[in-house]
Amino acid sequence: MRILKSHPLLKIVNSYMIDSPQPANISYLWNFGSLLALCLGIQIVTGVTLAMHYTPSVLEAFNSVEHIMRDVNNGWLVRYLHANTASAFFFLVYLHIGRGLYYGSYKSPRTLTWAIGTVILIVMMATAFLGYVLPYGQMSLWGATVITNLMSAIPWIGQDIVEFIWGGFSVNNATLNRFFALHFLLPFVLAALALMHLIAMHDTVGSGNPLGISGNYDRLPFAPYFIFKDLVTIFIFFIVLSIFVFFMPNALGDSENYVMANPMQTPPAIVPEWYLLPFYAILRSIPNKLLGVIAMFSAILALMVMPITDLSKLRGVQFRPLSKVAFYIFVANFLVLMQIGAKHVETPFIELGQISTVLYFAHFFVIVPVVSLIENSLVELATKK
């Protein structure tokens, strides 16, 4: 044990993974960190393996993916692991953010951890979009065309930026090459950000807990207690992931992407992957192109303002009935946006999307501050002598 505490590298591992004192009362909702680290590890290993057989060329990209599926030993397994773990990654990140919002993990002194987490979400979305373009099916081509064209909404220089991203006048070889290079690079940036996220949490006050109070009264070392606890959810995760990979690998994908990209034929509906749908719905609900793009990016960055707009004296919503109702309405609204993002742009989905978009932003900028002030007043009234 002595080398663990004296070796310059091992003592860092020891302080984070072995001796790290965790609050004794943290629930399974605090297990997402290990699951997300596992997802990132799977994505990097399977991604590097796929890159060994992939060709980033307009003529060969689709065929190289088919070659991986048919000719490479267990290539189908590597590809389906990569695709389905991406979905699992986002599902767990959304749960992780939901837990953070519920238990007030964004409040001081964890504000930096929360800000880095929001940057991680943005980088994840960029990485996922770049990866979705690479198989070069119909949805890849048209998704890339639509999303990169958003840059043309920027006044004066927009069209130049789009052509700079494409490396030409449409999605072509240069586009696929640069998307492949960036898609390969960004997971390593993600790993660095995840490390920063961990350091920011570890070097302030450590993990929060379901009571929202200081955890210093009762703590346990990370090993073996929380390692075993993490293993429980890791095994459950592998079981669920295996069900998707082996029995329904394309359940979360789009059948249109099994059709080779054809610039002369537009698919019936251009829809991104399910985990980007809520933000796509916000983009589409605003008729003005520039305002739609601003709203879509603001929807992600709105998470950053939570430490400022939540004026409550209590951490988390577990003991605040009004905030709890507001939180569950927000979650339901997010799921509604996810559904609307997959629908055609027609009545009543346009109107529903606009209502949901207003409600989404109102939650961060109006509902949270107003409700927290009301609850502060009620607490003061109740505790006044």
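Any Cβ shown, glycine's included, is placed from N, Cα and C.
Note that this is a predicted model, so its numbers are computed, not measured.
Database features (Swiss-Prot):
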TRANSMEM  32-52  transmembrane segment
TRANSMEM  76-98  transmembrane segment
BINDING   HIS82, HIS183  heme b b562 binding site
BINDING   HIS96, HIS197  heme b b566 binding site
TRANSMEM  113-133  transmembrane segment
TRANSMEM  179-199  transmembrane segment
BINDING   HIS202  ubiquinone binding site
TRANSMEM  226-246  transmembrane segment
TRANSMEM  290-310  transmembrane segment
TRANSMEM  322-342  transmembrane segment
TRANSMEM  349-369  transmembrane segment
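For the pair HIS183 (heme b b562 binding site) and the residue listed as 'ubiquinone binding site', the C-alpha distance works out to 29 angstrom. With Cβ pairs under 8 Å as the measure, the transmembrane segment (226-246) is packed most heavily against 32-52, out of 32-52, 113-133, 322-342, 349-369. Under 8 Å from some Cβ of the transmembrane segment (179-199) lie the Cβ atoms of residues 16, 33, 36-37, 40, 43-44, 47-48, 51, 54, 56, 113, 116-117, 119-120, 123-124, 126-127, 130-131, 133-134, 144, all in the same chain and six or more residues away from its ends. Counting Cβ pairs closer than 8 Å and at least 6 residues apart in sequence, the transmembrane segment (349-369) and the transmembrane segment (113-133) reach fewer than three and form no contact. Nearest by CA distance to HIS82 (heme b b562 binding site), out of the binding-site residues HIS96, HIS197, HIS202, is HIS96. Residues of the same chain lying 6 or more positions beyond the ends of the transmembrane segment (322-342) and with a Cβ under 8 Å from any Cβ of it are 98, 101-102, 271-272, 274, 276-282, 284-285, 312, 349, 352-353, 356-357, 359-360, 363, 367-368, 371-372, 374-375. Here the transmembrane segment (290-310) has Cβ contacts under 8 Å with residues 97, 101, 104, 106-108, 111, 114-115, 118, 121-122, 125, 150, 153-155, 278-280, 282-284, 357, 360-361, 364-365, 368-369, 372 of the same chain, all six or more residues outside its ends. If you take the Cα of HIS202 (ubiquinone binding site) and the Cα of HIS96 (heme b b566 binding site), they are about 17 angstrom apart, rounded to a whole number.
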